Each structure stands twice: as structure tokens, then as C-alpha cells.
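Q: Before I ask anything, here is the structure I am working with.
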Amino acid sequence: MIEFDNLTYLHGKPQGTGLLKANPEDFVVVEDLGFEPDGEGEHILVRILKNGCNTRFVADALAKFLKIHAREVSFAGQKDKHAVTEQWLCARVPGKEMPDLSAFQLEGCQVLEYARHKRKLRLGALKGNAFTLVLREVSNRDDVEQRLIDICVKGVPNYFGAQRFGIGGSNLQGALRWAQTNTPVRDRNKRSFWLSAARSALFNQIVAERLKKADVNQVVDGDALQLAGRGSWFVATTEELAELQRRVNDKELMITAALPGSGEWGTQREALAFEQAAVAAETELQALLVREKVEAARRAMLLYPQQLSWNWWDDVTVEIRFWLPAGSFATSVVRELINTTGDYAHIAE
């Protein structure tokens, strides 16, 4: 298995170094649900601004304030503790009376707005996130500048970030131990983290091998192609390669890579043979995913940051803004820009 730090770069290994998250204000995340509260219903959507506290901690504090069980407060995704983040929480509070959430007080947390909503906010039910990052102590400004320009055109590898694998790769190591011993894992959180790490590592490996090819975005026979921004996909055939290549070049279609698991991976012929060869040595992790009935899926191979802009405060400090769809990692963008000091694993997804 390729170590995360050794995964293939799309734009070559960065020449410069820099510091990511010198302080929480250097990593700002604003959650984009893609919809507005209904204005009625038994749930309350609460938009919060937090700094220095994790999502679960705030959710538990909100439940205590509302005098409801912690399981009645949900969220679309975890946000980093060591960052300034805006996100929505959802509390189930039936009844016509609206509680005064302006009275909710928690150090490092502020209620920005709240409104009634008809449905529970479920994990993953967001459109994406807007990021504002500040990179400090940047060396080789010219290299970083050129990479930003290139990323606007060619994107970055859609790798799962190091945080998916846990501090020191602990989640992936747990998955490997589980696969090797076949000992039942009772803890539901561990099961989820370990299976996710296993599948993510296999995806990263497939993408890393594909990036070694001369023309990364060249459609091959049997590729599974996805409409940009959609989850559905279809298989490329030799008769239509030229037209499909044009649509890929126009970013209308995206080449996908496998999220291995049980069932068919989705690719066929040449593309399927390539993917199978890329992870052929990882038989234990593949067997674990099949045994635990984790269904195979597809994920875009490349990621195109939207609304990408940047501003150099001085020769060694740059502010970068961009928007990413749900499930994508800001650290996978930063990885193509600079060699960062520190460990990504503490940064929440």
C-alpha cells in the first residue's frame, strides 16, 4: 500500500514549503447545505460559528440546553476543532413554541441563526463547503503561483485526505488487523472508521497509479464516466471514445475510480483490468470489504476547486479561497501547492 505522503502528484511534487493552520483563523470553513430551512416542522436548524470546539461537543451542549437526548441533535458533517467553522445543527423539538436559542452560551461558539425545518439533518446531507485558508512562511512564491494557475485548469487528485486514516494511520492499521485476524469488531464507530479507511486507501492507490500514466485524463475503453456534479455514471465504449474525450476535456464528464467493495466495480475491459492490477496486492483489505458487505461505488478521479481565488498578503503569506463538493478534502488541494509542516490527520473532514 502506498503511504499517503508518497501518493502521485498531478502537478509534480511541490518545490516550496509552507505552514498550514498557524492558528485557527487560518483555516475557515463555511458549510453549504444547498437548501434553506423550511420555516416549519418539528426540527430546528441552528447555524453556529465555532472556534476551538468539535462538532459533537457543541451538539451535546445544545441538547443539554434544550433538555433533549443527545441523539436528537444531528449534523451533516464533522468540522475541525482547530479552525473557525460555520455549520448547521439540527435539533428535534416538536411543538409550536420556539425556544430562545440566543440564550445558548458556550465558550468558542455562537448561534448565528435558527429556524424550523421539516426533516432531520442527516450525515452527508450537504452540498459542499467554502474554504478560506492562509498559508504562511511560504517559500518559492513563483512555484506556488504557477500551481494555483494550473489547478484552475487541471484540478487536483481527488484523494481522501490523511485525516480519513486517523492519526499515524491508526484507522487503516485497525482495518488491516481486522482483516488479518477475522476477529469480530463490536464497536460500531471503529467498524465504520476502519472500513472507510480501507476503501479510501484502495481508491487512493488506484488514482495514484492512474496518475502515473502520461495522459491522466485520457478516456480508455471501459472507463466509468460521471456527469460532473452527479452521482450517476456510465461505461465508455471504443466507438464513442472521441466524443467522450471531448466532454471530459470540457469538464462535462469526469473519469471515476473504484471505491472497491462487494459487487461489480463499474468499469469494464481495459479500465477494469487496470484498476484490479493497481490493488492486486491488497487482497486482505479487499476481502474484508467483501466480507463486511461494503458495496463497491465510484468517485471522481480528479477534483476541480470551484471559485478558486488567491491573494498574496506579502511574499510569504497567501490567502486562498475555494469551494469543494461534499466528501472532498481541502488538504488534497493544499498538498499540490506546498510541502506543509505538521500532520494533516488532526484536521477533521
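Cβ from N, Cα, C; glycine included.
Sharing the record's features from Swiss-Prot:
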ACT_SITE  D80  active site, nucleophile
BINDING   F27, N129, F329  substrate binding site
DOMAIN    155-303  domain 'TRUD'
Q: Would you measure the largest Cα separation among F27, N129, F329 for the substrate site and round it to whole Å?
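A: Site span for substrate, by Cα atoms: 13 Å.
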Q: For F329 (substrate binding site), just count the other CB atoms lying within 10 A of its CB, please.
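A: F329 (substrate binding site) is surrounded by 21 other Cβ atoms within 10 Å.
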Q: Within 10 Å of the Cβ of D80 (active site, nucleophile), how many other Cβ atoms can you find? Include all protein chains, please.
A: 20
Q: Rounded to a whole angstrom, what is the C-alpha distance between F329 (substrate binding site) and D80 (active site, nucleophile)?
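A: So the alpha carbons of F329 (substrate binding site) and D80 (active site, nucleophile) sit roughly 12 Å from each other.
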Q: In sequence order, which same-chain residues at least six apart have a C-beta under 8 angstroms from N129 (substrate binding site)?
A: V29, V30, E31, D32, W323, L324, A326, A330
Q: Cα of F27 (substrate binding site) to Cα of the residue listed as 'active site, nucleophile': how many Å, rounded?
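A: Cα of F27 (substrate binding site) to Cα of the residue listed as 'active site, nucleophile' measures 9 Å after rounding.
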Q: As a quick check of your reading of DSSP, tell me how many residues in the domain 'TRUD' (155-303) are helical, how many are strand and how many are coil.
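A: The breakdown for the domain 'TRUD' (155-303) reads 73 helix, 24 strand, 52 coil.
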